[in-house]
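In what follows, a single structure is set out as structure tokens and then discussed.
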Amino acid sequence: MQGKIALVTGSTRGIGRAIAEELSSKGAFVIGTATSEKGAEAISAYLGDKGKGLVLNVTDKESIETLLEQIKNDFGDIDILVNNAGITRDNLLMRMKDEEWFDIMQTNLTSVYHLSKAMLRSMMKKRFGRIINIGSVVGSTGNPGQTNYCAAKAGVVGFSKSLAKEVAARGITVNVVAPGFIATDMTEVLTDEQKAGILSNVPAGRLGEAKDIAKAVAFLASDDAGYITGTTLHVNGGLYLS
């Protein structure tokens, strides 16, 4: 990955940060994005001279265009895109507000469309590109209270398979990494009883770690994975067996 330029959205903390750090450790120059200047500064601090943090609103097409122009001017064309930014707006469908549906779709699915599309011209010209979209186990299993989130993550899989077929002949791979239950800030607030309930369904007997996802992303971004495309790599300790 030496000399490659990677863009990782939503990399202030958790899985996104682990991905950014893993790619930079492999030699890539990583641009990580945050929704605020403070977040971008934090990314720049942990990446040091191996990358830079920048502000991006993934739901705003103009923000995306501005960011990509800045990256091109300052660093060059992007070789590796990791669409990691995502949110949750959980609710039972009967109670779900329209904005809870549309916010999820804009952030978790439409942003993948906009960013991936923006990469294609330069990647096709170079005949090289890696697009890695972060999905979720619930995109395959479903989850009550998350019809919006599950639909978006399932959509990411369908999008990735279709795009993979469109661009494979130009040396571009498009894959999904689908995490199971990963130990992050969000799982820290769970009670011991809630954690035990989750772990009872995980054959591996533990929550995953952010580095487990980062290692999977780094593999798919590498030259070793050049013949793998349109695939969903499930990283979930056996919670879901595809």
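From the backbone N, Cα and C atoms, a Cβ is placed for every residue, glycine too.
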Record-annotated NADP(+) site (Swiss-Prot): member among N84, N91, N236 besides G10, S11, T12, R13, T35, N57, V58, Y149, C150, A151, A152, K153, I182: N84
Rounded inter-Cα distance in Å - Y149 (active site, proton acceptor), G10 (NADP(+) binding site): 17
Secondary-structure category, per DSSP, in which S136 (substrate binding site) falls: coil
